[in-house]
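Presented below is the structure to which this report refers.
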Amino acid sequence: MATLLLTAVGVFVDVAVITVSPIALAIAHRADISKMAILLAMVGGGKAGNVMSPNPNTIAAAEAFNVPLTSLMLAGIVPGLFGLALAYLLARRLRGHGSKVQAHELVAADHASQPGFMAALTAPLVAIVLLALRPVAGIAIDPLLALPLGGLIGLLAMGQWRHANRYMVSGLSRMAPVAIMLLGTGTLAGIIANSGLKTVLIDGLGVSGLPSYLLAPVSGALMSMATASTTAGTAVASAVFSATLLEMGITALAGAAMIHAGATVFDHMPHGSFFHATGGSVNMQVHERLKLIPYETAVGLMIALISTLMFGVFHLAG
C-alpha cells in the first residue's frame, strides 16, 4: 500500500520501492517474512499505483491519444486495486519461500529532522489539485508546470526552501535518464512504425479471430517486454498503435488505458534497470530475483485483464 500511494502521486516505481524497502525489511525481519514476499508486495503495489499516477508513462499515453491526464489516471484505479489484491495474495503464499532478512541488513533511521505528515502531503496534493482542474473546471495546466509547482509549494510547507536548489538538482538528475529514454523510445517507435511488426500484429489478430481491442494490451505488453520499462513500453505502443486503434473504433480513453495497463505485464524483465534496482533494495541475489518474475507478471496480467474487461469488453469508456 505504501508503494502504491507513493507511485500514485508521481514517484517512479523503482524509487518508491527503494524508499519503502527499509521499513519493509524491518517488518519482514520482525515477522519472519521472506525477501521474496516483501519485494513482491512492494513491486505489486508499485505496478498498481503506476497505472493511476501522473508518471511519464501515463503522460505519454494521454498525449498520444489526446485524452485528459486525469481521466487516464482514473481509468487505472480499478485495475490497479485488483493488481494490488493479487500481489497481496501471492505475497502471503511466498512469505516462507526464499531467504530471510538478517539483522545486519536493517537500516537505522533518524526521524528528528523529518517534516510532519500534513506538510509532507502538501506537494502531491497541490499537484493532484492542479491536474484535476482540467476535467473539473476546464482549466488546463500542463503536467510539466503542475508537478514542479507542487514540489515548490511542498518545499515551502515543509520549511525546506533553503534546500530548493539541491532538491531541484536531485529531481533533474532523476528525470534526465527518463528524458534520454523518451528520446530513444521516439526512435524505436519510428522504427517499429515503419517495420512489418505493426502489420504482423494486426494481421495476427485478424487471422486468430480475436477482437480488435486486444491489440491495445498486447502491444503494450510486447513493447514493455522489448524495453523492460513501463514508460518506454507505453510511449512506443501509444505512438505506433494509437492511430490504428482509433481507426478500429476503439475510443481514445479505452485505447490509452488498455495500452497503459498492458505495459505493466513485462516491465520487470532482467534487461531493464527496474529488475536490478528493486532486487538491490532488499539485498536479493540475482538468481532469487529471477524466481520472482512469474509472480510479477501475474500481477501485471491481472491489471491488464481488468482494464481489458472494463474498456474492451464492457465499453465503460464509451
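Glycine too: its Cβ is placed from the backbone N, Cα and C atoms.
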Legend entry - Residues flagged as transmembrane segment in TrEMBL, choosing from 1-19, 248-266: 248-266
Inset, instruction - Select the range from 72-91, 112-133, 139-159, 213-241 that forms the most Cβ-Cβ pairs under 8 Å with the transmembrane segment (298-317). - result: 72-91
Legend entry - Residue numbers, six or more beyond the limits of the transmembrane segment (248-266), whose CB comes under 8 Å of its CB atoms: 47, 50-51, 57-58, 61-62, 64-67, 71-72, 75-76, 79, 83, 212-213, 215-225, 228, 230, 233-234, 237-238, 241-242, 297, 299-301, 303-304, 306-308, 310-312, 315-318
Legend entry - Non-local residues, at least 6 beyond the ends, that sit with Cβ under 8 Å of the transmembrane segment (139-159): 10, 54, 59, 69, 115, 119-120, 122-128, 130-131, 133, 167, 171
